[in-house]
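Taken from TrEMBL, the feature active site, proton acceptor applies to His114. According to TrEMBL, the Ca(2+) 1 binding site annotation covers Glu53, Ile116, Asn167, Asp168, Asn223, Asp268, Asn269. What TrEMBL records for Asp54 is Ca(2+) 2 binding site. If you look up TrEMBL, you'll see Cys42-Cys352 marked as disulfide bond. Per TrEMBL, N-linked glycosylation site is recorded for Asn269, Asn323. According to TrEMBL, the signal peptide annotation covers 1-15.
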Amino acid sequence: MGKLVALTLLGAGLALIGERLMTLRERINAYREVEPVEPQNCHLIEGLENGSEDIDILPTGLAFISSGLKYPGMPNFAPDEPGQIFLMDLNEQNPRVQALNISDGFDKASFNPHGISTFIDKDQIVYLYVVNHPHMESTVEIFKFEEQQRSLVHLKTIKHELLKSVNDIVVLGAEQFYATRDHYFTNFFLALLEMVMDLRWTYILFYSPREVKVVAKGFSSANGITISPDKKYIYVADVLDKNIHVMKKHDNWDLTQLKVIQLGTLVDNLTVDPDTGDILAGCHPNAIKLLMYNTEDPPGSEVLRIQNALSEKPRISTEYANNGSMLQGSSVASVYQGKLLIGTVFHKALYCVL
């Protein structure tokens with residue numbers, strides 16, 4: 001009798017896992033291919049060969065680019081090289097990237113940059129906040145940008161028990177930011193099980209020196225995060241749910257969900273067009289191609305523009321789409337005065353004049 005019960009439970013468990021695996025294939029668009037949408041005036045950026053996972057552009061047109069991310073389950077073409085932060089001046093006629101020097105005293109060998117966000121104080125000093133995964137842990141590094149020297153001075157490392165599996169951040173003030181947690185488990189196999197079972201244990205965290213708290217939860221995999229131009233709303237990408245959550249920011253830093261915008265593609269990082277307030281989303285058309293990388297059938301890239309996000313019917317259009325023949329695994333898109341930068345998790349980066 002005991003054996004029968006055990007076999008019955010085993011069968012039920014396997015059936016559940018099988019059903020979840022089939023559902024997961026649908027959730028990650030395992031069978032989707034994209035139709036190309038490619039602006040005419042685009043070219044790959046020389047010098048960015050190992051990813052450009054996140055991009056943050058200052059109002060002056062200086063773009064910071066994080067590169068060299070090593071993320072469990074994702075391809076990496078330079079596993080032994082440390083990550084870097086690159087700078088690109090979009091005011092130049094033919095902009096080029098330059099790797100920024102990082103001050104001594106910071107462990108550059110284990111630098112593994114992920115999401116980034118900038119903050120400009122009242123004295124116009126620029127600070128770059130970087131999600132870092134040294135030895136596959138999660139910290140937030142604060143750097144001061146020295147524009148004349150084209151360098152970063154490391155000021156502080158932030159660690160906290162709630163800062164686990166951090167994906168992206170958006171800075172709100174000095175040492176104040178929201179951060180997304182994209183997995184609850186830090187173990188790769190448990191994180192994979194979490195994804196298969198769709199546990200929805202990931203969240204958004206608010207951090208300040210005085211208070212650290214979870215301000216929104218229940219995401220399948222909270223990913224990119226950014227803020228509206230008027231600073232009233234927070235936009236959060238749930239990559240596995242293929243949507244963007246529009247959240248209202250309260251005076252106590254709590255977030256209340258106002259609406260969810262379904263996109264039908266796996267949404268990674270988000271930025272906001274400073275001229276229009278539109279959301280730009282770097283997306284993965286088919287995530288199975290990321291997880292099971294094949295040079296003969298590489299992952300594609302997709303960039304969506306969401307207009308009037310707060311309206312009842314936001315307008316969604318495709319800015320860029322490619323099947324992987326030029327750009328693989330797009331993770332972010334950002335614009336500045338008619339110029340578009342598209343970054344990737346592990347591949348190259350694209351520069352377009354719109």
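Including glycine, each Cβ sits where the backbone N, Cα and C put it.
Sorting the recorded positions Asn167, Asn223, Asn269, Asn323 by the number of other Cβ atoms within 10 Å puts Asn269 first. Of all the recorded positions listed (Ile116, Cys352), Ile116 sits in the most crowded Cβ setting, with the most other Cβ atoms within 10 Å.
When the recorded positions Glu53, Ile116, Asp168, Asn269, Asn323 are ranked by how far their Cα is from the Cα of Cys42 (disulfide bond), Asn323 comes first. Other residues of the same chain near the Ca(2+) 1 site, with their Cβ within 8 Å of the Cβ centroid of Glu53, Ile116, Asn167, Asp168, Asn223, Asp268, Asn269, are Asp54, His114, Gly115, Val131, Thr180, Gly224, Ile225, Ala237, Ser331, Val332.
Within the same chain, residues at least six positions away from the residue listed as 'active site, proton acceptor' with a Cβ under 8 Å of its Cβ are Glu53, Asp54, Ser66, Leu69, Tyr71, Val130, Val131, Asn132, His133, Val166, Asn167, Asp168.
Under a cutoff of 8 A between CB atoms, and with a sequence separation of 6+ in the same chain, the neighbours of Asp268 (Ca(2+) 1 binding site) are Asn223, Gly224, Ala237, Val239, Ala281, Gly282, Cys283, His284, Ser330, Ser331, Val332, Val345. For the pair formed by Cys352 (disulfide bond) and Asn323 (N-linked glycosylation site), distance between Cα atoms is given as 17 Å, rounded to the nearest Å.
The distance from the Cα of Ile116 (Ca(2+) 1 binding site) to the Cα of Asn323 (N-linked glycosylation site) comes to 27 Å. In this structure the alpha carbons, written CA, of Asn323 (N-linked glycosylation site) and Asn269 (Ca(2+) 1 binding site) are 19 Å apart.
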